[in-house]
Amino acid sequence: MLNCPFIRPHPAVWRLVFGVSVVYLLVLLFILFQSYDTVKSIMYWFYPDLVHFRIDSEKEYGVNCSDITFERVWSHVDVFAFGHFFGWAMKAMLVRHYGICWTISVAWEITEIAFAHLLPNFIECWWDAIILDILLCNGCGIWLGMVLCRKLENETYEWESIKSIPSTKGKIRRAVLQFTPASWTHVRWLDPNCTYMRFFAVYQLVFFWLVTELNTFFLKHIFEIPPGHPLSVGRIVLIGLIVAPTLRQYYSYVTDPRCKRVGTQCWVFGAITITEAIIWSKFGLELVARTQIQNILLWLLIQLVMSFICLYICVLYARRNQSQLETEVIKDSQASTSTESVVKPSHAQHSKVTKRKNKFANGPMKT
């Protein structure tokens with residue numbers, strides 16, 4: 001079993017995650033070739049509480065949207081709202097790119113509209129989708145995640161062996177810090193000189209992300225599983241653990257010319273996503289038969305256009321930053337050269353100039 005790009009808390013942990021992901025894929029393949037009744041019987045054997053649970057298909061969603069009061073808006077701020085917030089904070093720390101995060105956030109709301117004719121709980125009032133979801137929960141979560149990324153990027157990491165720490169308190173602190181990153185790499189999904197293949201690679205990332213989110217809701221609906229059930233929560237936690245090394249491997253493949261193939265964990269995650277989609281399509285055949293093809297085609301077109309616009313803006317922004325960085329490096333170099341003949345520059349000034357030169361010379365960070 002190959003090593004994962006992560007070393008914290010230990011490479012063996014991520015090997016275990018990879019092993020569990022393979023087992024999960026095998027379980028999905030087993031389910032794929034069973035009947036619906038057999039799968040439900042297995043679920044009832046492990047979780048008898050699911051026997052009497054049924055999806056309320058008569059419940060109405062997104063009604064009386066013109067009735068906007070503080071009490072009604074506040075009633076939507078529940079545990080799921082905090083789940084949106086912290087979930088997007090973690091997603092931002094995984095993706096580490098404002099443009100891609102906002103693209104996925106807006107694209108998911110469009111996805112809910114496109115598939116609302118199949119899943120009624122996707123129907124939301126406009127203020128719920130735009131204000132509560134996109135701007136507040138998702139937006140604040142993305143901001144928090146990116147702030148943490150910036151903090152971790154600028155952190156100085158000097159790790160010492162736990163054996164060399166004399167105090168017990170220091171040993172405990174060092175043991176806890178073992179579960180934090182050993183270092184934090186600055187991520188640049190799009191640089192000013194990126195090719196069209198880079199764009200399609202990022203679009204593919206957005207598409208698979210949306211399909212993974214869709215799998216969550218369709219699997220719960222077809223197999224009638226409550227949102228807070230251990231099956232739902234366990235799957236979300238497992239997918240989150242799998243996505244972390246998957247994104248890292250995919251980023252290396254997309255941005256590093258020395259990386260010639262996608263990592264194994266990335267392939268397994270892709271197989272899991274596709275297999276889950278096939279499972280809910282097979283067992284929810286009556287539901288899938290009601291699909292409005294024009295909605296799905298329009299959804300795919302909107303995702304493509306929106307991703308292109310967003311990523312094009314990101315490239316323009318990167319070019320502007322690069323030109324500004326070039327100007328700053330030239331000015332700092334001229335200032336340091338003129339100062340060297342009179343007064344030796346301070347250590348802080350020298351470090352600042354060196355850091356800017358290195359950042360400009362290195363370009364996109366490699367793995």
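From the backbone N, Cα and C atoms, a Cβ is placed for every residue, glycine too.
Listed in TrEMBL:
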- 12-33: transmembrane segment (TRANSMEM)
- 100-123: transmembrane segment (TRANSMEM)
- 129-149: transmembrane segment (TRANSMEM)
- 195-212: transmembrane segment (TRANSMEM)
- 232-250: transmembrane segment (TRANSMEM)
- 262-281: transmembrane segment (TRANSMEM)
- 296-318: transmembrane segment (TRANSMEM)
- 335-367: region 'Disordered' (REGION)
- 347-359: compositional bias 'Basic residues' (COMPBIAS)
- Task: Six or more residues out from either end of the transmembrane segment (129-149), which same-chain residues have a Cβ under 8 Å from its Cβ atoms?
- Result: 73, 76-77, 81, 84-93, 96, 98, 101-102, 105-106, 109, 112, 184
- Are there residues at least 6 beyond the ends of the transmembrane segment (195-212) whose Cβ is under 8 Å from a Cβ of it, and what are they? 100, 103-104, 107-108, 111, 189, 239, 243, 247, 250, 253-255, 270, 273, 276-277, 303-304, 307-308, 311
